[in-house]
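Asker: Quick one: this structure, given as structure tokens, is what I'll be asking you about.
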């Protein structure tokens with residue numbers, strides 16, 4: 001193994017030298033004290049958790065999970081085709097179809113798998129399909145399109161003019177699909193969804209939208225930005241996750257019966273893996289149902305988002321201005337981004353994970369702040385003042401959100 005160890009060590013050392021080495025934080029989350037956690041025997045406040053609404057610890061969700069555990073056991077027992085098609089997952093798929101006003105849904109083990117295997121399978125099902133993909137689409141989308149080996153065009157981030165130019169270059173009668181996200185997880189920008197829908201109609205293309213960072217958070221029932229804009233019925237495939245606002249695990253797609261059935265019969269990421277256990281699918285169903293009926297969590301969430309952005313404006317903290325709940329603070333240097341994150345955690349008891357390349361482009365390294373309804377005014381002030389002190393110590397310039405927004409957005413779409 002010594003020869004291969006040398007190769008592995010060289011690879012690791014290169015990543016370390018670039019300030020990109022990732023270390024796991026050993027955390028003990030506290031279900032009864034969200035958003036606190038325990039880290040190295042001290043209590044910390046979590047500001048980067050994707051459990052957007054704290055639904056993982058909601059009493060309805062936890063009780064549903066406990067009941068399912070006692071009724072069905074821990075595991076699912078197999079793949080969906082062989083012993084693992086528990087009634088709980090069928091109920092979940094009905095709930096998801098209703099959420100997005102679609103005929104049916106298909107659940108996967110993760111959002112990554114849902115994107116990857118669905119997109120790759122569409123190329124098997126639809127001969128000569130051409131993909132049109134936003135340049136900042138998630139790695140799971142990129143992986144699915146790449147493994148499809150289909151013809152593809154990548155359009156500039158959020159640039160519908162460039163997208164149309166690319167669509168014009170392909171025969172109108174050739175099958176096409178436009179793949180995009182409703183909200184981009186690293187910059188928080190929303191896609192021009194209605195403009196993309198109009199282009200899809202004009203150029204005879206299917207639409208595939210990734211709503212993982214918006215389901216549960218936007219829309220009357222939590223159906224995401226497409227529900228908020230009342231255009232769910234104009235999008236062919238809506239993909240989402242159960243692992244963020246809904247507080248569980250898993251991914252899904254929703255569409256019409258024929259498309260979903262074709263994916264069900266084709267996608268290896270669905271066919272050849274054990275299904276979600278009933279304890280998870282039952283919890284997810286109850287989480288979705290609660291957020292369909294309750295708007296309280298969404299309202300409180302938006303209030304905290306607004307308060308945090310206002311605080312950052314007040315302290316001149318350089319966040320990337322957007323309309324969403326995702327609040328990136330651009331550092332622009334991997335070493336400094338790591339230092340800021342470590343100082344927040346070790347000196348102030350605040351956990352914000354730094355985001356470096358390859359997750360974001362080089363030169364746009366950042367912290368990504370994720371507010372929840374449980375974050376208090378004191379927590380907001382503590383985070384803001386800690387950042388000001390750390391920026392001063394590390395000689396990181398404070399600048400207004402408006403100024404930075406122009407500079408960084410040009411960098412992102414160049």
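In case you wondered, yes, glycine gets a Cβ from its N, Cα and C as well.
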Asker: Given that Swiss-Prot annotates 213, 241, 273, 274 as pyridoxal 5'-phosphate-binding, name the residue from 185, 191, 294, 311 that shares the site.
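Answerer: Record check against Swiss-Prot: pyridoxal 5'-phosphate site with 213, 241, 273, 274, extra candidate from 185, 191, 294, 311 is 185.
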Asker: Need a hand: Swiss-Prot gives 22, 133, 152 for substrate, which of 359, 364, 372, 376 is also on that list?
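Answerer: My reading of Swiss-Prot gives 359 as the candidate in that site.
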Asker: In three-state terms from DSSP, label residue 213 (pyridoxal 5'-phosphate binding site) for me.
Answerer: coil
Asker: A 10 Å Cβ contact count, applied to the recorded positions 22, 244: which residue has the minimum?
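Answerer: Relative to the other recorded positions in 22, 244, 22 has the fewest Cβ atoms within 10 Å.
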Asker: Counting distance between Cα atoms, which of the recorded positions 133, 152, 244 is nearest residue 185 (pyridoxal 5'-phosphate binding site)?
Answerer: 244
Asker: Other Cβ atoms within 10 Å is the metric here; tell me which of the binding-site residues 133, 273 scores highest.
Answerer: 133
Asker: Looking only at Cβ atoms, how many others are within 10 Å of the one on residue 185 (pyridoxal 5'-phosphate binding site)?
Answerer: 21
